[in-house]
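Peer 1: Questions regarding the structure given below will be posed in turn.
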């Protein structure tokens, strides 16, 4: 059985994952509006991944005999000045999520809830990958700058991204 504090924190994180999916869809909409189809695809696939994370937490809460509680999801930011800004915002969001998982892990450790600690380790590993991915994209976009030809090729690469549940 999960402690009340840990259950509340897991429910909050589940909702945060669904907010992240909304935020990535807002970024996809910006990219589509600006005719960056490859970047839009990247963010659509990223949103699928975040929904998968939310469902994973939902399943865990229910598997532990508790009740997953859905809350109102606030509206995400919808206006951006550039593709680079979307990636910088994404990195900030992922860093916030990483900190949330650290806090969840600390709660689970304090509760000596070893099953939850094990469950959360998957997310901690995932967050290392997420942050690295966005840092790399920011580096590439910064180097590309205003080079339209290179940006076009990079966008085509991102158009091929496809999320596969693991």
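Even glycines carry a Cβ here, placed using N, Cα and C.
Residues or ranges marked as Fe cation 1 binding site by Swiss-Prot: 17, 50, 53. Taken from Swiss-Prot, the feature Fe cation 2 binding site covers 50, 94, 127, and the record attributes it to sequence analysis. Taken from Swiss-Prot, the feature domain 'Ferritin-like diiron' covers 2-145.
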Peer 1: Near residue 94 (Fe cation 2 binding site), which residues of its chain come within a Cβ-Cβ distance under 8 Å, counting only those 6 or more away in sequence?
Peer 2: 127, 130, 131, 134
Peer 1: Please report the three-state DSSP label of residue 94 (Fe cation 2 binding site).
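Peer 2: Its secondary structure by DSSP: helix.
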Peer 1: Taking every residue in the domain 'Ferritin-like diiron' (2-145), what is their average pLDDT?
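Peer 2: Mean pLDDT for the domain 'Ferritin-like diiron' (2-145): 98.
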Peer 1: Take the mean position of the Cβ atoms of 17, 50, 53, the recorded Fe cation 1 site. Which other residues of that chain put their Cβ within 8 Å of it?
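Peer 2: Leaving out the recorded residues gives 16, 18, 20, 21, 49, 51, 52, 54, 56, 57.
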Peer 1: When the domain 'Ferritin-like diiron' (2-145) is classified with DSSP, how many of its residues are helical, how many are strand and how many are coil?
Peer 2: 116 helix, 0 strand, 28 coil
Peer 1: Taking the Cβ of residue 17 (Fe cation 1 binding site) as the centre, count every other Cβ atom within 10 Å, in any protein chain shown.
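Peer 2: Excluding its own Cβ, the number within 10 Å is 21.
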Peer 1: Write out, in the order they occur in the sequence, the residues of the chain not among 50, 94, 127 that have a C-beta within 8 Å of the mean position of the C-beta atoms of the recorded Fe cation 2 site.
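Peer 2: Here the nearby residues are 20, 53, 93, 97, 98, 126, 130, 131.
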Peer 1: Look at each of the binding-site residues, 50, 53, 127, and point out the one with the fewest other Cβ atoms around it within 10 Å.
Peer 2: 127
